[in-house]
Amino acid sequence: MPRTADDSWDIATSVGATAVMVALARAAETASETPLIRDQFAEPLVSTPELAAVREQVAAWWAQTDDDDDPDFTVDSQQMTDYLAVRTHFFDSYFIDAVAAGIRQVVILAAGLDSRAYRLDWPGGTTVYEIDLPKVLDYKEHTLARHGAAPVAALRAVPVDLRHDWPQALRDAGFQTSLPTAWLAEGLLPFLPAAAQHALFTAIDANSATGSRVAVEMFGVDEDARRAAEERAQRWARQRAKRQARGQDTSFDPFDLWFDDEGQPDPADWFAAHGWTTDSVQAGAEALRLGRTAHSQEGPFVNRFVTAGKP
């Protein structure tokens, strides 16, 4: 279903369902023989009865059949699992480095089913703020509580839409602008229109003390990437029609939920222009460094992981 400026969701619908897909990949990676990451909370979060339909929809999206005549475009579940494992490992390391440098205030934007507050070894005095829609945060809190899980850090939920005045909601939850902060925007940018992306970066900058850090998953925004995305959308439309004719479930497709409006900022350029020291790592290179073969130079492995520090 196309996005609208004021749409909303719970964990089983729209953008919320993409968090389930990501957690399914983390659960699969954790259960593998040589996992890059260990997320013992992913499987409990995605195995509830209320998510049965979403699990089936994601499985159908990941499925490959002999009739799929565009194998370069067909979603490969192992490719996605590998990519999301590499991504999770990178941003886990980012937080570990941040707290080692003395940062004790953490903000996870669009937290979804992120379990880092529960599974990372946070030093005493660390506070983790999770921002997402109320129904998404409620689902995670109640599900983990039923499994007896308790956060390692002080966890504060901030139930607010990132398209609204989330900085005020964050401050109301106890966030202190005078303290250095480690921010994370993982898997977020495509789900925000360009204006909201600019506003997000502006708010991060305005609420960051000296010594703060930010990490952002960067999706292609240049003209070549935009044209490639349009071509992929056309190819997927043809493939979707064939799958529908075979009776396959095509109701889940994260790309349907992305905004593709003009003017989306490059986070590395944006933060550099605002005085931050930036670095950027291509996901494919990071995968190779970790011993995971990037399946292709297409798809998610062309994404970049951007980090920046405020002097």
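From the backbone N, Cα and C atoms, a Cβ is placed for every residue, glycine too.
D132 is the only one of D121, D132, D138 that Swiss-Prot places in the S-adenosyl-L-methionine site (with D161, L162). Sequence-distant neighbours of L162 (S-adenosyl-L-methionine binding site) (same chain, 6+ residues apart, CB-CB distance under 8 A): L109, A110, I131, L188, L192, A196, L200.
Each of the binding-site residues D132, D161 was scored by the number of other CB atoms within 10 A of its CB, and the lowest score belongs to D161. Same-chain residues that are not part of D132, D161, L162 yet have a Cβ within 8 Å of the Cβ center of the S-adenosyl-L-methionine site turn out to be L109, A110, I131, L133, V160, R163, H164, W166.
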